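**Q** After the structure tokens below, expect a handful of questions from me.
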Amino acid sequence: MAVVMLAISLDKACAGDPDMLQDVCVADLTNSLTVNGYFCKKNFSEIDFSSMVIAKAGATNNTFGSLVTGANVMKVPGLNTLGVSMARIDYAPGGINPPHTHPRATEMIFVLEGELDVGFITTSNVLITKHIVKGEVFAFPRGLVHFQQNNGDVPAAVVAGFNSQLPGTQSIATTLFASSPSVPDSVLTKTFQVGTKQIQKIKSRLAPKK
């Protein structure tokens, strides 16, 4: 029984951001030093706990036809040590939030407008997918590869919630094909079982625009 209780306690301790040790710890974003989070500001106000950053739709005229606008500790300093954040994701018709992971958080989305095809892939390579509509919610477990795509003819938008002040995002395609320095072609050709020309073509398409 003691072992079971210890396992449950450890699981809870590792489920999200570390627990706070005081009422508030508003992030001092001007401090060049960081710990596991941010140092606390001495003086703070209501402004540190508020933002209009996700009030308006984001521009989706880009390669993937989507835009993620975060309301995390970088935009709302009062979230420091609170273990929560939000984001707004806008999708053009045909737009996609391509396969990615959040290493530090589970995500749940609420559909504001439009419809989406969403899904995540388990570590057993099982695809869990669903078509979701306005007013519906869908959850993506922490660390698993997931995506959302707007296959409709009208724009779509969601609000996302995370159990981390800064969940982090690692896009699979850009991580592998647009990192700096770049992943060696030999690694990618062997991994994807294709030739060097195909790898270089993908890299050129995903390379950051100068």
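Any Cβ shown, glycine's included, is placed from N, Cα and C.
Automated prediction, rather than curation, is the source of TrEMBL annotations.
Per TrEMBL, the features are:
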SIGNAL    1-15  signal peptide
DISULFID  Cys25-Cys40  disulfide bond
DOMAIN    51-200  domain 'Cupin type-1'
BINDING   Asn97, His102, Glu107  oxalate binding site
BINDING   His100, His102, Glu107, His146  Mn(2+) binding site
**Q** Including all protein chains shown, what's the count of other C-beta atoms within 10 A of the C-beta of Glu107 (oxalate binding site)?
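**A** Summing over all protein chains shown, Glu107 (oxalate binding site) has 22 other Cβ atoms within 10 Å.
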**Q** Cα within 10 Å of Glu107 (oxalate binding site) is the criterion; apply it to the recorded positions Cys25, Cys40, His100 and give the hits in sequence order.
**A** none
**Q** Centre the Cβ atoms of Asn97, His102, Glu107, go out 8 Å, and tell me which other residues of that chain have a Cβ in range of the oxalate site.
**A** Val68, Ala87, His100, Thr101, Ile109, Phe140, His146, Ala160, Phe162, Pro167, Thr169
**Q** List which of the recorded positions Cys25, Cys40, His146 have their Cα within 10 Å of the Cα of Asn97 (oxalate binding site), in sequence order.
**A** His146
**Q** Whose Cβ lies within 8 Å of the mean position of the Cβ atoms of His100, His102, Glu107, His146, the Mn(2+) site, other than those residues?
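**A** Other same-chain residues near the Mn(2+) site: Thr101, Ala105, Phe120, Phe140, Leu144, Val145, Pro167, Thr169.
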**Q** Mind checking which of Cys25, Cys40 has the fewest other CB atoms within 10 A of its CB? They're the disulfide-bonded residues.
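**A** Comparing Cβ neighbour counts within 10 Å for the disulfide-bonded residues Cys25, Cys40 gives Cys40.
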**Q** 10 Å Cβ neighbour count around His146 (Mn(2+) binding site)?
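**A** The answer is 22.
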**Q** Compare the C-alpha of His102 (oxalate binding site) with the C-alpha of each of the recorded positions Cys25, Cys40, His146, and give the closest one.
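**A** Considering only the listed recorded positions, the nearest one is His146.
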**Q** Using Cα coordinates, what distance in whole Å links Cys40 (disulfide bond) and His100 (Mn(2+) binding site)?
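**A** Each residue's Cα considered, Cys40 (disulfide bond) and His100 (Mn(2+) binding site) end up 31 Å apart.
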